[in-house]
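Here's what Swiss-Prot has on this protein:
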type	residues	note
BINDING	T15, G16, G17, N126, R169, S197, Q298	UDP-N-acetyl-alpha-D-glucosamine binding site
Amino acid sequence: MTSSAPLILLAAGGTGGHLFPAEALGVELIKRGYRVRLVTDARALRYSGLFTKDMIDVVPSETVRSRSPVALARTALLLGTGTLAAFNLMRRLKPAAVIGFGGYPTVPPLLAARLAGVPSLIHDANAVLGRANRFLSAHVKAIATSLPGVLDRDPALSGKTTTVGTPMRPAILEAAAVPYAAPETAGPLRLLVVGGSQGARVMSDVVPGAIERLEPALWSRLVLTQQVRQEDMARVRAVYDRLKINAELQPFFTDLPARLAANHLVISRSGAGTVAELAAIGRPSILVPLPGAIDQDQYANAGVLSDANAAIRIVQSDFTSDRLASEISALAAEPVRLAAMAQAARAAGRLDAAERLADLVIKTAGL
């Protein structure tokens, strides 16, 4: 790769669900001899991975958090400032194409690309198009989705939409090579509980009580790994210590792909990235969609796996310690069912998404 190689700008919100697919595409484009840079917000600076600080451009941005006139005016001002900064970035870097991965931090660079005449496209990993991508969809040349049928009911957009899957970073592809081995009847049952990049308090509220309600014979089998917010750590640990559960508690896992592969059952939120990774690696799950979302994207995401009999979807209002204990007990008693769920999850996964998306980027850029 030389300094004269075409440059592709990757725009993503500053959370793992947006950054990880961007990273996976970046790896593939670099393999093909292209240069890449990331345009994002300040949150991305704390993530390690492909994008070092000298490969990241931070532009002003704001998420629509309120419909009040003052909040909307502030958001519009910041997005306008960000678009101007991104336009200057386009003039300086002269990218061959810009691709957005969702989140409001992608709005300024994608609008700037349109103003600068730079070919652009978006990728959406959700079963429902996100709000930022929905806004941008009319302004880009191409749309890539992880799942089929996302825009089938929108003739104006479906004609420029291609289903490619969710690009997987190298660590996920490595984990996907680990076959699923169902737990033996009296052997260890490895349970992983995660709640997204920030952790989910509901897991700390519900899971310890569910473990306490299991038959004592199952306590000795459990090997539990749980993501717990620091402020919840003491109360969660106290329950597991009292029950003598073999438990590892951490506020964040830097090696989550390997941990997904090492466990028999995963309890998690159903963000697009999590659902795609569970499918790619092929692991059974109990999914608890984040409530309150305007477009109910996590509910739809979880449905992709629950409809395939690869996961159990529980809405948060039904996610009680009693319900969870019942589900864990039933699955622990049916290792054959766990194996079938793992197989169904793997069948729903797609491991070549980064290659397919790279092909679309190159085609859109006319390279």
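A Cβ is built for glycine as well, from the same backbone N, Cα and C atoms used for every other residue.
Sequence features annotated in Swiss-Prot and their locations in the structure.
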| residue | record | contacts (Cβ under 8 Å, 6+ apart) |
| --- | --- | --- |
| N126 | UDP-N-acetyl-alpha-D-glucosamine binding site | G102, S146, L147, V150, A272, D297, A300, N301 |
| R169 | UDP-N-acetyl-alpha-D-glucosamine binding site | F20, E23, A24, V27, G49, P257 |
| Q298 | UDP-N-acetyl-alpha-D-glucosamine binding site | R269, S270, G271, P289, L290 |
Exercise. With H, G and I counted as helix, E and B as strand and the rest as coil, say where DSSP puts Q298 (UDP-N-acetyl-alpha-D-glucosamine binding site).
Key: helix
Quiz item: When you measure from the Cβ of T15 (UDP-N-acetyl-alpha-D-glucosamine binding site), how many other Cβ atoms are you left with inside 10 Å?
Solution: 21
Self-check item: Three-class DSSP secondary structure - G16 (UDP-N-acetyl-alpha-D-glucosamine binding site)
Solution: helix
Practice problem: Inside 10 Å of the Cβ of G16 (UDP-N-acetyl-alpha-D-glucosamine binding site), count up the other Cβ atoms and send me the figure. | Solution: 21
Exercise. Determine, from DSSP, whether R169 (UDP-N-acetyl-alpha-D-glucosamine binding site) sits in helix, strand or coil.
Key: coil
